[in-house]
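Some notes on the structure that comes next.
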Amino acid sequence: MNIIQQLRQTIQGPQLTWCIARAVKLSTKSFKKEIDLFHSIRYNFGKSFSSSGTFYSTSSSACQHVAIVGSGPAGYYTAQKLLKSHPDLVVDIYEKLPVPFGLVRFGVAPDHPEVKNVINTFTNTANSDRCNFFGNVELGKDLSLKDLRDAYTAVVLCYGAAEDRVLGIPGEDLPNVLSARSFVGWYNGLPQDAQLPVNLDCESAVVLGHGNVALDVARILLTPISILEKTDISEHALEALRRSSVKRVHIVGRRGPLQVAFTIKELREMTQLPDTRTVIQQTDVDGIDKYIQDLPRPRKRLTDLIYKSSVSPGEKEVKTWKEASREWRLVFLRSPLQILQDTNGQVKGIELAVNRLEGDSLKNQRAVATDEREVIHCGLILRSIGYRGLPLDDDLPFNNSRGVIENKNSRIKNEKGLYCAGWIGHGPVGVIVDTMTDGFETGKIILADIQSGVLESNDEHKRQGLLKSLQAKAITFSDWKKIDRAETEAGAKVGKPREKISDIQQMIQIAKS
Ligand SMILES: Cc1cc2nc3c(=O)[nH]c(=O)nc-3n(C[C@H](O)[C@H](O)[C@H](O)COP(=O)(O)OP(=O)(O)OC[C@H]3O[C@@H](n4cnc5c(N)ncnc54)[C@H](O)[C@@H]3O)c2cc1C
Ligand SMILES: NC(=O)c1ccc[n+]([C@@H]2O[C@H](COP(=O)([O-])OP(=O)(O)OC[C@H]3O[C@@H](n4cnc5c(N)ncnc54)[C@H](OP(=O)(O)O)[C@@H]3O)[C@@H](O)[C@H]2O)c1
C-alpha cells in the first residue's frame, strides 16, 4: 500500500487534501522518506487522526514517549516543561482516578477558589496534541512499573503521598478520631472518603498539628454555612456542617509559637473568621517579642501576628471576638498521649503531655515531655501531622521513614529512565509553586538525559499494545471535560462553581456517554 492509500485510510476532508498535496510533492523522494512523511503527518495531527477510532496519539517510532504517573501539579508541570522544550516528545499521563489534578481538586480548600486557577494552566498542557491523559488507570493495579518501563523512553513517578502519619497512641482508632487527610477528602468529594463517618454532634473538637492542613480543617469546621454553600464543597459535607454542633476548635501543637508550620495568610484568615473568637494565651507568647526583630521576614510577620493576636488585637477583632458564638484556640507545647473514651466507646477527650523546648536553634528546638498532664474534653479529633508517600512497587528504592522514593535530583537511584517529582520525591511538604519548580527541574533533567543519549527511544509497539489493552477502561481528557461540564452545570443550579461527583461509577458513566 503506498503512502496515499495509507493516508486515505486514516484521514478525510481538508486534512486529506492537504496531506496528499504534501505527499505528492515529496513522492519523488525515496520510499523511506515517504514513510517518514507519513509518520510525521500522522504525528502532527495527533489524536484526532487515528484510523481505528483509537483515542491515543500515534507518532513516529523515532519519537520519544514519556509516561507520567499522577496528574497533580508535579505531573502536569513536568509534562509542561517536556512539551515546551522538545518539539516532538509525547507525554502520556496515567491517573488512578477518572478525574485529573490531584490535590488541586481534592486537597485545596473549597473556600480558596483562586488557588484552583492553576487548573487552567494544566488544561492548556492537556489540550496539546502531544499530551494524552489516561484516567481510571492505576499503577500497581491496572499496569505495573515494568509495563511502563518496557514501553517508554522514560517514566516519571508523580503519584503524591496517599497516606498520612499516625501518632501510635491508644484510642487512635476510635470512631470520630479521623485523619485530616480523610476529612479533607470528605469535604472535597474524594471518592474513597465520601462515606467517611464524620460525627459533628459535639461542641468541642481537637485538631492535632500546627500546619496549614490543620488550619484548613479547623476553618472549614468554623466557617459560616452561608459562605461554604457558595463554594465547591461536597453536598454531603455541607449537609453535615449545616447540622454541626461544633463551637470550639483547639489546634494543638507539640512545639511553641516560633516553630509553627502554618503560614501568615492562613493564620490571618482564622483571626478574621466571622462570629469566631481567636484565643491565644498570653503566657504562651510571653517573651517571643524579643526574637521577632531578628527572624527572617516571613517568620517575623507570622510571629508578629501570633503575638499581636494574643496581646494586642485590633479594634475590629476585639469587637468580633467579644460577641462571637464560636472560638478557636491555638494550643502550644502539648503532645498527645492517649485518646479517652466514654462507656459507649465514644471519644470524650484527649490526654496531653505538657512539653518544654530543648535546643539552641529556635527553628529546630525539640519538644520534650514534662511530668505535667492535661486533658481537653472533645467529641471529635482530627490528626493533622502530615501526609506520607507509599512505595507502590517492590522494585522501587524507597525510604520508609521519610515516605519518599530514593532519588538524586529526581533521578531514581540506579534506575536508568526512571524519575520522580513532587511529594513522592521530596516528601509531603511544599505549596503548588514549590511543586511547580520541582516539576520543571525534573523535566529539564529528563531533557538533558535525552540530549546526552542516556535514554533510548521507546518500543512503540509495546506502547501501542499497552494503550490498546487500556482503551476500554481509560478516561481521556475529552471524557473528563464531559464530567467537568456535568459538575459545573449541576453547581450552577445551586449557586456553586461546581457540584463534584464523588462516585466513580457515575463519573465513568458520564465520561463514556
Ligand atoms: C489539604 C491540602 C491543601 C493544600 N492547599 C494548598 C493551597 O491552598 N495552596 C498551595 O499552593 N498548595 C496547597 N497544598 C499543597 C499542594 O497540594 C501540593 O504541593 C501538590 O498537590 C503536590 O503535588 P503532587 O503532584 O506531588 O501530588 P498530588 O497533588 O497528590 O498528585 C498526585 C496524583 O497521583 C495520583 N495517583 C496516586 N497513586 C496513583 C497510582 N497508583 N496510579 C496512578 N495515579 C496515582 C493521585 O490520584 C493524584 O492525582 C495543599 C495540600 C494539602 C494536602
Ligand atoms: N493554604 C495553603 O497554602 C496550604 C494548605 C494546606 C497545606 N499546604 C501545604 O501542604 C504541606 C503539608 O501540610 P501539613 O499541614 O500536612 O504538614 P506540615 O506543614 O508538615 O505540618 C505538620 C504539623 O504536624 C506536626 N507533627 C508532626 N508529627 C507530629 C507528632 N508526631 N506529634 C505531634 N505533632 C506532629 C508538626 O510539628 P513539628 O513542626 O513539631 O514537627 C507540624 O506542626 C505544607 O507544605 C503546607 O504548607 C498549604
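Every residue gets a Cβ built from N, Cα and C, even glycine.
Bear in mind that TrEMBL entries carry predicted annotations, made automatically and left uncurated.
Remember, it's a predicted structure, so these values are computed and weren't measured experimentally.
Secondary structure at Leu103 (FAD binding site), as computed by DSSP, is helix. For Leu103 (FAD binding site), other Cβ atoms within 10 Å of its Cβ number 22. Taken from TrEMBL, the feature FAD binding site covers Ala74, Glu95, Leu103, Leu139, Trp423, Gly430, Val431, Ile432.
Classification of His210 (NADP(+) binding site) by DSSP places it in coil, neither helical nor stranded. Contacts of His210 (NADP(+) binding site) defined by a Cβ separation under 8 A and a same-chain sequence distance of 6+ are given as Ile251, Gly253, Arg255, Gln259, Val260, Ala261, Phe262, Leu330, in order along the sequence. For His210, Gly211, Asn212, Val213, Arg254, Arg255, Glu266, Gly430, the entry in TrEMBL reads NADP(+) binding site.
The domain 'FAD/NAD(P)-binding' annotation in TrEMBL covers 65-221.
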Listed binding-site residues with Cβ under 6 Å from ligand 2, out of His210, Arg254, Val431, Ile432: His210, Arg254, Val431
Intrachain C-beta neighbours of Glu266 (NADP(+) binding site), sequence separation six or more, cut-off 8 angstroms: Asn212, Leu215, Asp216, Arg219
Cβ packing number for Trp423 (FAD binding site), 10 Å threshold: 29
Ile432 (FAD binding site) and Gly211 (NADP(+) binding site), Cα-Cα, nearest whole angstrom: 15
Pairwise Cα distance for Val431 (FAD binding site)/Val213 (NADP(+) binding site) [Å, integer]: 11
